[in-house]
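Engineer: Sharing a structure here in structure tokens format.
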Amino acid sequence: MQYSHHCEHLLERLNKQREAGFLCDCTVVIGEFQFKAHRNVLASFSEYFGAIYRSTSENNVFLDQSQVKADGFQKLLEFIYTGTLNLDSWNVKEIHQAADYLKVEEVVTKCKIKMEDFAFIASPSSTEISSITGNIELNQQACLLTLRDYNNREKSEVSTDSVQANPKPRALTKKSSQSKKKKKAFSSQKPGQSKAVQYPSDVLESASVELFLETSKLSSPVVEQIIQGNDSSELELTSVVENTFPTQDIVQTVTVKRKRRKSQSHCALKEHSMSNIASVKSPYELENAGEELDARFSKAKPMCNTCGKVFSEASSLRRHMRIHKGVKPYVCHLCGKAFTQCNQLKTHVRTHTGERPYKCELCDKGFAQKCQLVFHSRMHHGEEKPYKCDVCNLQFATSSNLKIHARKHSGEKPYVCDRCGQRFAQASTLTYHVRRHTGEKPYVCDTCGKAFAVSSSLITHSRKHTGEKPYICGICGKSFISSGELNKHFRSHTGERPFICELCGNSYTDIKNLKKHKTKVHSGTDKNPDCSVDDHAVSEQDSVQRSPLSETLDVKPSDMTLPLALPLGTEDHQMLLPVTDSQSPASDTLLRSTVNGYSEPQLIFLQQLY
């Protein structure tokens, strides 16, 4: 028994593995962009990759940027893994160039067909105007046929330098004695008017289109009668055309419009075509059709098919799609960390260089990111906090803070430890939790050498050396080095004892006092793993969240447990670096790894980045 969707399912699973970087055994490098993939998949679709992997076992394949553009290769890679190829006037050339270089013949064929279509739209001939008007109604098609034949007759008269005594359009085939008499009377000319005027062929071609557009205003009953074969109606239509548009007037009109079409892009010809035939563009307007198509398509804002987000530019959408696909082409040459966008890499590099380009005008503090400066101004200089909780009406300086706060109400904990299964509301909390499993302590005090797993712990510890105590009790005026100590002190005023022993019911103001109690009184009893020393930092953090003080006081940015590098969303401007007061050691000194100097490749990388 054969399952019809088995191949699609296999390709879908391979694509998900590629996006997650799972089992990818090769990396395609184009300039500063890197694309992970599977060798067997690339070799199956591309003769170029098939030839390479027959002769080498290297994991990295470097492609020439002049031959293969990163955007074109990304679209090609998506086609290989999904079978979907979206071609438009913006990307077809890059995709064709990449497919031709990598020998993906199926895509080359599709691109050639598409480019021919775009070339036809950009430069149509006047005789092919009917191909553009695919949805013209039947009566307008009949007008076009009749008038073209009429114009062909005029051309033949000009070429022979004589006027036919009884001219008649070829499309009007039926004959009657009455119509012959009327046609003869209508078309006969006086001797003084018998001289033919010879015009250039391109003017006559333009006159044909002019006739077609103008006669689209003719009454529908006349045209319907022509289609049904009514001889008198044919004559009536011909008479209307002759009387309304004499040959001399047509040529004069076309000549004038050809002279002024550059200065008057929206001429009367366009008005006629738009009002009568909505899908038709005149040859004058199609002269620069490529630019007009780009302008028309640019008015429709590009939208992400995955999440529905709308962007102002196609380039913004391409950058956004890297988030869904897991592509991180920007790599830090100092530590190897990869990022989705270039501005994220630049911000990250400031953790190595210590650069702080954004200065506060009120207190002269410097920040690595503009969003940090905005956050600082809202927290410390009275600027409005625009993000308000719908449940408790608390206001926040950033949307990310509001999002994290909302999880207290919803109970959502989306971040799960893959080692023990514990869940967390913040990604940073999960990061610090994992370090308890690994024992990693990357933040080292330059003064005493003590190491910490959390950056905020190092900042708080450094205040012991500097003597800084930025947190002040609003009741007694006593100052403290951290918000946790301030909250602990505040309980002495309120009498709150949030830490309760589950064995005997005693309560305490501090988690340390609870642990001392358990050690002395319940030393022979099995300890509750939730009250272990390993969870000290989390319990202390929970105490800050449960404290009534946190409802009235703003948490200092330096106590926000945020990781060094988080993906920057367009809505969630998360902080990449903790903000410290001017008296404390600079955060670049605290957070940087102790590096004596940069190697030459690293210096080149920094120069190219800026």
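Residue positions begin at 1 at the first shown residue.
Any Cβ shown, glycine's included, is placed from N, Cα and C.
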Engineer: Checking feature assignment: motif 'Nuclear localization signal' per Swiss-Prot, candidates 257-262, 437-442. Which range matches?
Structural biologist: 257-262
Engineer: Looking at 70-93, 94-117, 358-381, I want to know which stretch Swiss-Prot calls zinc finger.
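Structural biologist: In Swiss-Prot, the zinc finger feature sits at 358-381.
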Engineer: Pick from 19-42, 43-66, 499-522, 547-570: which stretch is listed in Swiss-Prot under zinc finger?
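Structural biologist: That would be 499-522, per the zinc finger entry in Swiss-Prot.
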Engineer: Which residue counts does DSSP yield for the zinc finger (471-493) in the helix, strand and coil classes, in that order?
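Structural biologist: Across the zinc finger (471-493), the residues distribute as 11 helix, 4 strand, 8 coil.
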Engineer: Taking the zinc finger (302-324) alone, what is its mean pLDDT?
Structural biologist: 82
